[in-house]
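Participant: Next up is a structure, given as structure tokens.
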């Protein structure tokens, strides 16, 4: 099995990259792909860049060049579920765009023409992630993760997301674009991220302060998940 892992920022991939044995780097289209073995398992780690276009471009390059069997999207996210705090884990059962609006033509809010309203994560990957969470004794929430090209740190943006997606557990800027590409390529995916802020008016400050905490937690989680998937 070859496992694809995608993070947007240097801080979100550096700890994993440092663990890759026989690491080789491919720079392409503004992205970097690191290939090798993580604890003996073939992996391809992508640093995509921030935002939906960068994530979609990177995910497409990763799938075309490296042919991974599954995709794990890792990194940080803003917490929306009331029980979440910095360092907690969120696992997607679905991903949706929070900034797409074609409702004038009868589509659901967040749905693009020709696409499902939401992109469902793979049940087996979700189950494996939840098993890892129990094994590591981490605080975690599973549910809807929403994505858009905005860092949410104000009451207006937050209120709009809560109105349109009252069940959303977290918000970030890449996951749904990655899920969209995986859907088009029929490759199973799951989003496993750690909370860096709680998407409020101080989130830009807490993000800077706690990004390292989120990166460490998500790295531990992803490394454990890779090992579990490799064992079957």
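We number each residue from 1, going along the chain as drawn.
Glycine is treated like the rest: Cβ placed from N, Cα and C.
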Participant: Since Swiss-Prot lists 78, 173, 174 for substrate, which candidate among 133, 145, 152, 161 does it give for that site as well?
Facilitator: 152
Participant: Starting from the substrate site formed by 78, 152, 173, 174, give every other residue of that chain whose CB sits within 8 Å of the mean position of their CB atoms, in sequence order.
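Facilitator: Going along the sequence, the neighbours appear as 77, 147, 148, 150, 151, 171, 172.
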Participant: Using DSSP reduced to three states, classify residue 12 (active site, proton acceptor) as helix, strand or coil.
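Facilitator: DSSP call for residue 12 (active site, proton acceptor): helix.
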Participant: Max CA to CA distance in Å over the substrate-binding set 78, 152, 173, 174?
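Facilitator: This binding site's residues have a maximal Cα-Cα distance of 13 Å.
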Participant: So, in DSSP terms, is residue 174 (substrate binding site) helix, strand, or coil?
Facilitator: coil
Participant: If you count the other Cβ atoms within 10 Å of each Cβ, which of the recorded positions 12, 174 comes out on top?
Facilitator: 174
